[in-house]
Amino acid sequence: MSYNHGQPPHQEGPYANTQGPPPYPSAHPHMGQQPYGAAPIIIMQQQQQQQQQQQHQRTVATDIQDLLRFFEKRDQTKDALVWTPSTFINLAKNVISLCKEVREIIRREPRCLKISSPCYVLGDIHGNYQDLVCFEKSLWRATPLLSPASFLFLGDYVDRGVHGLEVIIYLLAAKFQCPKKVLLLRGNHEIRKVQQMFSFYKECLGKFGDTLGKEVWDAINTVFDVLPLAAVIDDKILCLHGGIPSPTACPGDFVSTVNDIIVPLSEPESESSLAWEIMWNDPFSIDTNTAAQIPSGAIGGFFPNTRRSTGNYFTGEALMAFLEKNNFTHVIRAHEVVQVGFKVQLSGRLLTVFSSSHYCGGTNEAATVLVDSAKLRLIRLDTT
Ligand SMILES: [Mn+2]
């Protein structure tokens, strides 16, 4: 046992058993001239603390955050939300190393997170960096660490919008800095094949060039492969990207079955029908459909999702049976754009939240849900 870090063995021992403090480490040569006494010890301790703090403060996540601030707009000489060509090499190096760090944090999490309220739940961002910054300014202006609430993101960070890269690296840096406060689930766009069909793959190649772009895209997708698929707040409120799974995909208890999904999951379509349904399913709503459209062969209120050509629809009856079986009260999901940013459906037991305004050039607003004790508060965000 030693209280004296980095000193030769003959100098080891508690301070109390020595005549005055031990000699200063040679790493502080200017301190070696000081006579023994209280004041130099305090100075040395302060210096060590400052050094330690500086070491802790400079991380790959803070480097990314600095680069993002520059991207947002550093000064009068630069337009907002524009990179300069020279930033990309540095950025790519940092993103790849951030992905390695964050992947290790996330892969240790259960597939179904257990969260205590208060918790803000955000839906699809889809490359809308401006809206993400609006949420930051409203909900975690300095850092999520200063908020009593945690922040749960339901997936679909990339594709559609032009700033998928900026959105995902912002969130990964936040995850690195506040792993318990920032919680990220997987959406159906956190899948390679989907990004190749939509825009994120091209976005990475366009920003970094073919070789580096592919490396960055691969690194980010290795993080997506380990993202959790669901979360339960206060043991009662289930949160996921798309919808509840059919009994065929999830025959047993939801939480334990989801926790058994393999990690990493790089081919969810062939590797886990449960993960696939969680990411793709939609509620069958009488607002947009008619009861007559429910096919007679629908099993337990689930039937093929013809609009997406994959996944299932689930009815209100299917939802009630699922909630009762798993002892949940509500489901919060994202996945579908809704005009005011949220929509209450299926007898108030299902909430859709969408956190990207003006989606695909439309007029919709962005919203978040605050789960606080037994209350669900729906908050619309002014993104103008
Ligand atoms: Mn989606």
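Yeah, the Cβs are placed from backbone N, Cα and C, and that goes for glycine too.
If you check TrEMBL, you get these features:
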REGION    1-32  region 'Disordered'
DOMAIN    185-190  domain 'Serine/threonine specific protein phosphatases'
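Break the domain 'Serine/threonine specific protein phosphatases' (185-190) down by DSSP state and the numbers are 0 helix, 0 strand, 6 coil. Mean pLDDT across the domain 'Serine/threonine specific protein phosphatases' (185-190) comes to 98 in this model.
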